[in-house]
Amino acid sequence: MSNIAARIYAELKGDKAIWSVMVLLGIFSILAVYSATGSLAYQQDGNTEFYLFKHSGLLAVGFLLAYLGHLIHYMKYNRWAPVLLALSIPLLMITIFYGAEINDARRWIKIPYTSLTFQTSDLAKLALILYVARSLTSKQDYIKDFNSAFLPIIMPVLIICCLIAPSDLSTAIMLFLTCVFMMFVGRVSLQYIGLLLFLGVVSFALLYALGGFYPDLIRSTTWVNRFREFMDGPDQIYQVIQAKMAIANGEWFGMGPGNSIQRNFLPMSSSDFIYAIIVEEYGIIGGAFLIFLYVFLFFRVTRMVTKSPKAFGAMVAMGLSILLVTQAFLNIAVAVNLVPVTGLTLPMISQGGTSIIFTCIAFGIILSVSKYIDASTG
Amino acid sequence: MDVKNEVLYRVYFLLFGLVIPVAVLLVYRSITIGIVEGEEWRNRALLENVIKERTIEAERGNILAEDGSLLATSVPIFDLYFDPYAPSDEDFLANVDSLAVSMARYVDNSYTVGGYRKYLMELRDTAINRSRHVLIKRKVSYNEKRFIQQFPLFNLGQFRGGFIPEKRSERVRPFGLLARRTIGWVLDGATPIGLESSFDEELGGEPGKVMMINVDRRRDLWKPMDDLTAVEPQIGDDVVTTLNINIQDIAEEALLRGMQKHDAQWGTAIVMEVKTGAIRAIANIGRNNGSWLEDYNYGIGKSTEPGSTFKLASMMAMLEDGFVKLTDSVDIENGQTQFYDVTMDDSSPISYRLDSISAYDAFIMSSNVGMAKLVNKHYGEKTSANNKLGAEAFINRMKQFNLHLPTGIEIEGEGKPLIKEAYSTEDYWSGITLPWMAIGYETRLTPLQMLSFYNAVANNGRLMKPYLVQEIRRFGEPVEHFRPTVAKKKIAEPETISTVRKLLEGVIEEDRGTGHDLRTDRYRFAGKTGTAQVDYERGSRGTRVGGHQASFAGYFPAEDPQYSCIVVINKPRQGGIYGGDVAGPVFREIADQCFYSLMELHRPMNAGPKPVYTTATLPSGDIGRATDFHRILDQLDIQFYGDPATELGVLSAKSDSLMLYRRTILDDQVPNVVGLGLRDALYVLENRKLKVEFNGVGKVVKQSILPGTALRGQTIWLALE
């Protein structure tokens, strides 16, 4: 056994700490998803193992992609960034008009000739972050300039976010914030960042107004409802109540693996509210450890940035880790009722095909960067 | 500020100013909800998120006959329900027509297809029906449930199709009312009785436990929680009884016929295996508003004054004490005497012509006066012969025979025996107690207790404890085996036993014996009749009698007893009152059938010199399977001719041999089955897709559809004789 472990260890390049975070998240994921799907699986033929195998298989594919991804030199991603971005825009438009509707939202497109669905915003997120990182690093010398630096960076950001927002506002906001943070790290002037935030609000207002004319395309009524529910008092929302009960059941040390009661009552317990289930089974201690894993990931990436602050790699790693942490924190914030219900998944943990695959690819890219930064700086 | 420092400054701001504070906030919120407000949320969860514990009934074990036939078993049955609001509009509308066809055709004939469709549509109309639990059909077998589950819409499952099968299990007795009270029951609202009750713990198994969760409150949908607290139910053990299906059947049939013939109040018949005490049959019948049914376990529960069958005990006591020899004579005073101011009569008119008879005759003729005077003479006074004990010596003998103790049979409700303590005021001992005890009064015994005593005599003095259960099985493997139990190794000296066995044989064999009419040449049996008065008032002018209880206890074959049997028939109202006339024939019928079915009891039929057959002794006109006739005739070595190519053949006697003729049956017509046995008739008719109902036993004498009628799957009714 130790031989195999040693072989795997030798095979893995890059920051072993980040690899460890990934593996730990994966283990959390399998345990939590298996437990949370108990109720769902029972309703469909009672085959509880089905979701476990499906999810584990997906994780295995994800880890393979991460492994392959970290072998590739990160500068290759630099070159693919514009292509991917150019590809995302039409895909997002197709999704808006012809996408498959799952759980009342049109965020997926069917991959032709298969029964698989694919969440286009996941690809767009990756493409946009690569593109922003590339632009920020290439324009570093004149980054404080408005026309030559700021405008070319923010245009794609606004376009992509406006394309995602109609069906998936939370992802759009999260992605927008990620880009803002990246620009902040990439030394963009604070007044421009303030301007960008303002532009974001204006775009949202425009979309909201458009939603009145095209209710089928833009879920503006849902946004209002969610927000109103939240303001009216979160204790009226069934999911939130159930999530709180789950957290309360967990107390400090949890009810033990597989003993969740609330998974039977909590809708979407395997994706949106999986944090509540994790706390129920593993306690607040377990939940805090999970949060720590994301913070630790961000800390390791910060170290890379300190080693080579101007490199594209560092900026990409920074962007991706901001994305992952933002998404994770937003998801958890929903579960502990700090923000309205969003529908964001917990990266690496929640069930959901494309989400896991793209998260793993993101890890692969971060690891690729860590490999070369480690090598170049010793 | 240089580029590098500016980047680092901003990154650190992100880390320490944003990421870590937000992380801390999230953990803080978790603690607020989970710990600070925890109690409140947990209480609310307990209140709103309903979890209930459900016991999963264990499958109840079977009760088996000695040969493994099922006497009682549990079968799953289903009540089928339909949730009309479970299917989507699309699924419902796509399937409602074909579902209506299936339902109207196979499940509910009272509807037309259109009618059922209308009914289904109405079920989904909230103005007419709001129930999500509509009964489709009750008490459906597993196979039928599977069939209905295949119907359109229902085949989509419980959640999409709304088909809800609810399983429960039902206790069935494959042999119907056979040994009903002895097998017994454990039911809600009824006193548990019989083996079902006595072995409830073994049969019941261990119920399982599972926490159920209310998944969907609107639909009252519960699902088991798959956690570690679930306990699987443990299936119940099988109880293998000592009952023999054939003997039990014979005993019930014979007893019923006897009861009906004499219009009696209640009756019982018990058959016991001599060597082991195993009860092979126990039949109980009571009259209840004009019908006959097993309404009480009389054989085990009812203790009564036994009457003359008790004279065996009296005689054995005197023999043990050496007080009488069979040749001693006793003056029976023409069948009537006085004890104090109370008159005792012999019930048989023969006694009126006799004065002095032998002790042997007093027993086999069942003379009350004779037996009572003998006992009174030897135990009535405290003499030196009985060690100044008087009646106590007699009572001591009764206790030596274990007559004062219950048998300890496994099932509850055994009647208590009463043997009075000598001279005990508490037991209302009086001057007439002893003579009347001698003839079976002032004493109470259940039929089973009396049978055990007779069985001990048949078993050379070894008293066996009667038992009904020989084995407990789990998954077909024995886990507990009940061996025959000796209650007392020796109830009397061997000389006494062999003497009373001669007496019991005399009852049958001697012309004067009260059981002589029951005698048969085919085998020898022994026993004692009993005719007890019930609901009587005794006085100096005789006894006013409210009714009689006829009984017969004995064993067979006399020379090497295999089975003992007692028959008790209470208050016969017509066709006689005597034990020999009322209970005796039932005993004979049971003994006959047991004897025939006991291979080890008789010699093979084709051994010994070949008899001479004549047309009169050979069967003629019998119809049956030709190959069966071949086998039987070959085995019996009876000459026959003819080898018909048809499946059925007809026998015809020709002086000392038989002819076997062909009997053709056409495939497309109702055949003539008159003359066939039931088995052959069923075979022939059911092969032609006819449904058969029948009445009676023996051979077919009548059929409801004329031979030659075209076959259409009709129901044909047969009368057998």
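Cβ coordinates are placed from backbone N, Cα and C, and glycine is handled just like the others.
Where the annotation comes from TrEMBL, it is an automatic prediction and has not been curated.
Taken straight from TrEMBL:
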type	residues	note
TRANSMEM	A:17-36	transmembrane segment
TRANSMEM	A:57-74	transmembrane segment
TRANSMEM	A:80-99	transmembrane segment
TRANSMEM	A:153-185	transmembrane segment
TRANSMEM	A:192-214	transmembrane segment
TRANSMEM	A:273-299	transmembrane segment
TRANSMEM	A:311-336	transmembrane segment
TRANSMEM	A:348-369	transmembrane segment
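Counting Cβ pairs under 8 Å that are 6 or more residues apart, the transmembrane segment (A:273-299) and the transmembrane segment (A:153-185) reach fewer than 3 and are not in contact. Using a cut-off of 8 Å between Cβ atoms, the transmembrane segment (A:17-36) and the transmembrane segment (A:192-214) share fewer than three residue pairs, counting only pairs 6 or more apart in sequence. Beyond the transmembrane segment (A:57-74), the same-chain residues lying 6 or more positions past its ends with a Cβ under 8 Å from any Cβ of the stretch are 11-14, 22, 26, 29-30, 312-313, 316, 353, 356-357, 359-361, 363-365, 367-369, 371-372. Within the same chain, the transmembrane segment (A:192-214) stays apart from the transmembrane segment (A:348-369): fewer than three Cβ pairs sit under 8 Å, each pair at least 6 residues apart. Residues 106-109, 120-121, 123-124, 126-128, 130-131, 133-134, 156, 159-160, 163-164, 166-167, 217 of the same chain, all 6+ positions outside the transmembrane segment (A:80-99), place their C-beta atoms under 8 angstroms from a C-beta of that stretch.
Sequence-distant contacts of the transmembrane segment (A:153-185), counting only residues of its own chain at least 6 positions beyond either end whose CB sits under 8 Å from a CB of the stretch, comprise 85, 88-89, 92-93, 95-96, 99, 105-107, 121, 124-125, 127-129, 131-133, 135-136, 139, 192-193, 196-197, 199-200, 203-204, 207, 211, 217-219, 223, 305, 315, 318-319, 322-323, 326-327, 330, 342-344.
Residues 13-15, 18-19, 22, 25-26, 28-29, 32-33, 36-37, 51, 55, 58-59, 61-63, 65-74, 77, 116-119, 122-123, 125-126, 270-272, 274-275, 278, 290, 301, 304, 313-314, 316-317, 320-321, 323-324, 331 of the same chain sit 6 or more residues outside the transmembrane segment (A:348-369) yet have a Cβ under 8 Å from a Cβ within it.
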